[in-house]
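Copied from TrEMBL, the annotated features are:
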{"type": "DOMAIN", "residues": "3-163", "note": "domain 'Hydroxymethylglutaryl-coenzyme A synthase N-terminal'"}
{"type": "BINDING", "residues": "D29, Y142, K241, N274", "note": "(3S)-3-hydroxy-3-methylglutaryl-CoA binding site"}
{"type": "ACT_SITE", "residues": "E78", "note": "active site, proton donor/acceptor"}
{"type": "ACT_SITE", "residues": "C110", "note": "active site, acyl-thioester intermediate"}
{"type": "DOMAIN", "residues": "170-259", "note": "domain 'Hydroxymethylglutaryl-coenzyme A synthase C-terminal'"}
{"type": "ACT_SITE", "residues": "H232", "note": "active site, proton donor/acceptor"}
{"type": "DOMAIN", "residues": "260-351", "note": "domain 'Hydroxymethylglutaryl-coenzyme A synthase C-terminal'"}
Amino acid sequence: MKIGIDQMAFATTPYYIELSDLAAARGVDPNKFKIGIGQDRQAVVPPTQDMVTLGAAAAKKLPKNALRQVTTLITATESGIDNSKASGIYIKRLLKLNDYIRVVETKEACYSATAALQFARGLVALNPEETVLVIASDIARYGLKTPGEVTQGAGAVAMLVTKNPHVLAIESVSASYTKDIMDFWRPLFAAEAHVDGKYSNQVYVDFFLKTYQRYIQITGRTLADFAAIAFHLPYTKMGKKGLDGLLNNDQSPVAQRLRNNLTAEQQFSRQVGNLYTGSLYLGLISLLQNGDVQPRERIGLFSYGSGAEGEFYSGILQPGYQEYIDSHLQEELQNRQQVTIDQYEHLFNQQLGMSSADVEFDVSSDPSEYVLAGQKNAQRNYQIQDRQL
Ligand code: COA
């Protein structure tokens with residue numbers, strides 16, 4: 001029985017900054033951000049948005065009849081809003097999903113959506129009637145005027161996992177690799193990540209090569225068996241570092257095609273920034289919409305989460321997949337509102353963060369359907385807005 005990703009959708013915040021503006025404000029050559037990091041724009045998060053509202057917005061884009069079939073909801077995040085309660089329970093209410101449903105949250109930095117997909121495959125294998133909704137939702141937040149600032153971002157990818165999937169049939173072989181290291185972490189007291197950025201880059205490439213080579217050893221496949229390799233993209237240059245580590249100076253047509261498809265994978269991420277758990281899967285949507293890939297071809301996927309864990313796995317693209325992935329993304333990204341660096345800094349400092357105080361946010365300027373209206377008695381108040389501004 002084929003099992004895998006049946007449908008995919010993406011949502012981000014209504015606002016963005018141009019990274020050329022950020023470069024000017026920080027006194028940096030804009031080419032460092034555009035070429036050296038590989039990012040053009042960055043999603044800006046108003047205090048009325050968090051990983052719950054973004055996750056709900058992504059899932060809401062899936063067809064209603066598909067959402068009605070959901071039996072299990074798994075949120076994958078490292079921007080959790082509660083140390084105990086699963087964020088998916090709020091999302092379940094906002095989406096008005098059936099009460100007879102299992103809901104849980106996974107965590108392992110940027111990797112955990114891949115774990116959620118693999119767990120979902122297991123559920124469907126045991127009971128082919130299961131429909132699992134996996135939502136990878138995060139806010140990548142490093143702090144104003146830090147080296148990590150340019151690699152911030154936000155957004156969510158929602159994926160349905162079923163039997164006979166329409167997008168990607170996930171193959172059973174995969175290679176995982178885990179080591180206890182400190183390249184990026186966020187202690188319980190911190191609203192922003194702690195990161196050893198250069199070290200995380202090295203570990204990422206090392207884990208990619210280790211998991212790819214193990215996958216190749218197990219399967220006996222070669223580079224020519226892949227139409228594309230989709231990478232976790234904390235920033236788009238990282239995918240290039242990974243692929244360069246594998247291809248070196250290989251100028252063969254197979255290698256050139258993988259390079260071209262990496263450019264296609266990077267296209268949407270360049271405009272949004274890091275989504276942590278969702279980055280690989282926004283990359284996959286971008287690849288499927290902008291790349292040179294055909295049904296029945298194999299796509300390799302490299303998932304990485306700091307701490308650290310990597311997994312290389314693969315899937316076979318399904319005929320007619322185009323109908324089942326979010327199709328208006330380019331237009332939606334164009335329609336976001338640009339904000340100035342001053343406005344971005346103001347919004348950045350308005351976040352609820354670790355505060356326990358009662359607060360009411362002005363939701364009137366946020367055009368999103370799902371909003372965080374504030375907090376009272378340490379309970380977050382999520383609302384559905386019935387108007388689109
Ligand atoms: N034109 C073109 N490229 C330029 C440039 C210019 N004017 N100035 C610098 N660059 C290049 C550098 O050569 C470097 O390229 P390289 O990585 O291929 O060597 C790149 O831009 C970044 O410059 P660097 O000096 O290393 O940047 P930094 O010290 O500000 O840190 C990160 C960059 C990514 C380490 C930092 O943003 C960070 O810590 N991010 C969060 C961690 C992260 O995302 N890790 C990923 C793994 S999960």
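The backbone N, Cα and C atoms fix where each Cβ goes, glycine too.
Heads up, TrEMBL stuff is auto-annotated, nobody curated it.
TrEMBL feature annotations superimposed on the structure.
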residue : record                                           : DSSP (3 states)
D29     : (3S)-3-hydroxy-3-methylglutaryl-CoA binding site : coil
E78     : active site, proton donor/acceptor               : coil
C110    : active site, acyl-thioester intermediate         : strand
Y142    : (3S)-3-hydroxy-3-methylglutaryl-CoA binding site : coil
H232    : active site, proton donor/acceptor               : coil
K241    : (3S)-3-hydroxy-3-methylglutaryl-CoA binding site : helix
N274    : (3S)-3-hydroxy-3-methylglutaryl-CoA binding site : coil
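Note: the Cα of N274 ((3S)-3-hydroxy-3-methylglutaryl-CoA binding site) and the Cα of E78 (active site, proton donor/acceptor) are spaced 12 Å from each other. For the domain 'Hydroxymethylglutaryl-coenzyme A synthase C-terminal' (260-351), the DSSP-based tally of helix, strand and coil residues reads 48 helix, 20 strand, 24 coil. Each residue contributes its Cα atom, and for the residue listed as 'active site, acyl-thioester intermediate' and D29 ((3S)-3-hydroxy-3-methylglutaryl-CoA binding site) these two points are 29 Å apart. The least crowded of the recorded positions D29, E78, judged by other CB atoms within 10 A of its own CB, is D29. The 6 Å Cβ screen around ligand 1 retains D29 from the recorded positions D29, E78, H232, ordered by sequence position.
For the recorded positions shown (H232, K241), fewest C-beta neighbours within 10 angstroms: K241.
Rounded to a whole value, the Cα-Cα separation of Y142 ((3S)-3-hydroxy-3-methylglutaryl-CoA binding site) and H232 (active site, proton donor/acceptor) is 18 Å. E78 (active site, proton donor/acceptor) has H232 as its nearest neighbour among the recorded positions D29, H232, K241, going by CA to CA distance. Counting only the Cα atoms, the space from D29 ((3S)-3-hydroxy-3-methylglutaryl-CoA binding site) to H232 (active site, proton donor/acceptor) is about 26 angstrom. Residue counts for the domain 'Hydroxymethylglutaryl-coenzyme A synthase C-terminal' (170-259) under DSSP, split into helix (H, G, I), strand (E, B) and coil, are 45 helix, 17 strand, 28 coil.
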